[in-house]
Amino acid sequence: MPQQSEVHVRLEGVTKTFPSAKRGAPAQEVLRGVDLEIRKGEIFGIIGQSGAGKSTLVRLINGLEKVTSGTLTVGQHTVSGLRESELREVRRDIGMIFQQFNLFRSRTVAGNVAYPLKVAGVPKAERDAKVARLLDFVGLLARAHDHPEQLSGGQQQRVGIARALATDPSLLLADEATSALDPETTQDVLNLLRQVNRELGITIVIITHEMDVIRSIADRVAVIDGGLVIESGSAYDIFNDPKTPEAQRFVGITLRDRPSAETLKRLRANHPGRLVTVRVQDRPGFQTTLSSAFLKRDVGAEIVFGGISELQERPVGSLTFVLNGNDTAIDAALSALREDDFAVEEV
Amino acid sequence: MSEYNWQVFQTAIGQTFFIVSISVVVGGLLGLALGLVLYATRPGNLMANRPVFILLNILVNIVRPIPFVIFLVAIQPLMLASIGTTIGTNAVTFALSLSAAFAVSRIVEQNLVTVNPGVIEAARASGARPISILLTVLVPEALGPLILGYTFIFVAIVDMSAQAGLFGGGGIGDFAITYGSQRYDWPVVYISVAVMIAIVQAGQFLGNYLARKALRR
Ligand SMILES: Nc1ncnc2c1ncn2[C@@H]1O[C@H](COP(=O)(O)OP(=O)(O)O)[C@@H](O)[C@H]1O
Ligand SMILES: [Mg+2]
C-alpha cells in the first residue's frame with residue numbers, strides 16, 4: 001500500500017444542518033462536529049445506522065452538499081471553501097458509486113462509462129479506447145452495447161464502478177454500494193473494489209450499515225452515531241475490542257461470538273457455575289496460557305459459546321466458558337489472566 | 001367536389017400544414033426552454049432560483065387556461081409589435097406557437113420531475129454543469145414520456161388550427177365551414193373532417209412509435 005501516512009481527506013469539526021422543511025419546525029442537525037482523517041491508498045469504512053448521516057457525510061466530500069461549518073479538505077483542495085465552478089474540477093478527481101447504481105437508462109453500458117469523459121471534454125477516439133479498457137477491467141466488455149436494464153444488479157454496479165473510474169480519480173466514494181445486492185454478488189463487488197484499491201492505488205471511502213462489508217475490505221473504520229464519530233481505528237481493533245455500545249452491537253451482529261441476553265439465560269439454566277467471556281487475542285500460545293490458568297487451579301473450564309474468525313489475517317472473536325470450582329480459585333485464575341492482559345469479562 | 005373546390009382545399013391543407021408545423025416546432029422549442037427553466041429553478045433543483053420560478057410559474061398558470069380564441073385577441077398588441085398584423089395565417093401561427101409554448105412548458109416540467117434524482121446526482125458527481133445535465137441527462141432520460149407529451153400537444157394544435165378561420169388564417173377547418181356547412185355541401189365537410197382525422201392519426205401513430213423506441217418497449 002502506498003504511503004499510508006499521507007492524509008487524503010480531512011474533516012475538522014464538520015457540521016451539517018439542514019434547514020427545516022416546514023416553517024417553524026426545528027432545523028435538522030445531521031452532523032455535529034465530525035473529525036476524520038482518511039489516508040491515501042486506504043479503504044476507509046464508515047458505519048452507522050440508517051439515518052445516522054452517512055450519506056450526508058460522503059456527499060460533503062465531493063461537495064454535493066455544502067458543509068455548514070468546519071473544514072473539509074481533499075488533497076490540496078479545501079472543498080468546504082470552494083465555489084460550485086471550482087467544485088466541478090475537484091469532482092473529476094473523485095468517483096462515486098451508489099446503492100441504486102444510478103445508471104443512465106437512456107445510454108448504453110458504454111455510453112454510461114463514456115459520460116464523465118464527455119463531460120471532461122476527452123476526444124472521441126481516446127474516449128472509446130478508455131471505455132473499452134474500463135469495461136474490460138470490470139469484466140463487461142461483451143455487454144458494451146446493452147442497456148443497463150439488461151444487466152443484473154451486480155453487473156450494473158460494475159458499470160457504476162467503471163463510470164466512476166473513467167476520469168482516473170484518486171478517490172472513490174461508495175455509498176451503500178452493495179446494500180442492494182445479494183450476499184454472493186456483494187462479495188464479487190467488494191473484491192472488485194479491493195482490486196481497484198490495490199491495483200490502481202485509489203483511496204476508497206465506503207459507507208455502509210453492514211459490518212460484514214467493513215469486515216471484508218476496510219483497513220480502517222469510523223463508527224458514526226448521533227451526528228458524531230463515536231469510535232474509529234483499524235478494522236482489526238474495532239472488531240477485536242469495540243469500545244462503545246454501538247460498535248459492540250455492530251460487531252456482535254457480524255461475529256455472533258457473544259451470547260445474546262436470551263442465550264445467556266439458557267446457558268445459566270443449563271450450566272451451574274460462573275460464566276466468563278474471554279476475547280480471542282492474536283498472541284502466541286493464547287489457548288495454552290488460557291487453559292493452563294484454569295487447570296493449574298483445579299478450575300473446570302468448558303466452552304459453552306463462542307466464535308473465532310479471521311480479520312486481516314488475524315483472529316478475532318470471543319469464547320464463553322462455564323467455570324466450575326472453588327470461588328477463590330476462580331477469582332485467582334481470572335485476576336492472573338487479567339494481569340497477563342487477557343480481556344476477561346464475567347457475564 | 002368541384003375543380004375549384006379542390007384548388008381551395010389544397011390551399012387550405014397547405015395552410016393547416018403551415019400553421020401546425022410552425023406552431024409545433026416554434027411552440028415546442030419555446031416550451032422546452034420554458035419548461036427546462038421552470039424545472040431547473042424550482043427550489044431545491046439544479047439552478048434553484050425562487051423569484052424566477054415563482055414569476056414563471058404564475059405566468060404559466062395564468063396563460064394556460066385562457067381559451068385560444070381569447071388568447072389570440074388578448075395578444076393582438078404584442079402581435080402588432082412583432083409581426084405587424086393581427087389577422088391572417090401568420091398571425092394565427094404566431095398566437096398558436098405562443099399558446100402551445102405555455103402548454104408544452106408544463107408537459108416538459110412534469111416529465112422531468114419523474115426522472116430519478118439519483119441519476120442527476122451521478123451526473124453532478126461527474127463534474128457536469130447544470131445546463132449540460134439538463135440537456136444531456138434529463139431530456140434523454142425523460143424522452144419517451146416527452147414524445148408522448150409532444151404528441152398530445154400536436155393533436156391539440158391541429159384542433160386549435162381549425163379555429164384559424166375566425167382570424168382569416170384559412171386552413172382545413174375554415175374550408176369545411178365556408179365551402180361545406182355554409183353551402184350545405186356535406187361531402188366537403190366529410191372530406192375535410194376525414195383529412196383532419198388522418199393528420200391526427202398519423203401524428204399519434206408516429207408519436208407512439210417514437211416513444212416506444214425511446215422507451216425500448
Ligand atoms: N437534503 C436534505 N434535506 C433535509 N434533510 C436531509 C437531507 N438529506 C438528508 N437529510 C436528513 O439527514 C439525516 C441523515 O440522512 P442520511 O445522511 O441519508 O443518513 P444515512 O445515509 O446514514 O442513512 C436523515 O434524518 C435525513 O432525513
Ligand atoms: Mg444513506
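Placement of Cβ uses the backbone N, Cα and C atoms for every residue, glycine included.
Feature annotations, courtesy of TrEMBL:
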type	residues	note
TRANSMEM	B:12-40	transmembrane segment
DOMAIN	B:13-207	domain 'ABC transmembrane type-1'
TRANSMEM	B:52-75	transmembrane segment
TRANSMEM	B:81-104	transmembrane segment
TRANSMEM	B:133-158	transmembrane segment
TRANSMEM	B:188-211	transmembrane segment
Checking B:12-40, B:52-75, B:81-104, B:133-158 against the transmembrane segment (B:188-211) for Cβ pairs under 8 Å, the most are found for B:133-158
Could you pull out which residues elsewhere in the chain have a CB under 8 Å from any CB of the transmembrane segment (B:12-40), counting only those six or more residues past its ends? 46-48, 52-53, 56-57, 60, 89, 92-93, 96-109, 112-113, 130, 134-135, 138-139, 150, 153-154, 157-158, 161, 164, 169-175, 192, 195, 199
In the same chain, which residue numbers or ranges, 6 or more beyond the ends of the transmembrane segment (B:133-158), come under 8 angstroms Cβ to Cβ? 16, 19-20, 23-24, 27-28, 31-32, 36, 39-40, 46, 96, 100, 103-104, 107-108, 110-112, 114-116, 119-120, 123-124, 196, 199-200, 203-204, 206-208, 210-212, 214-215
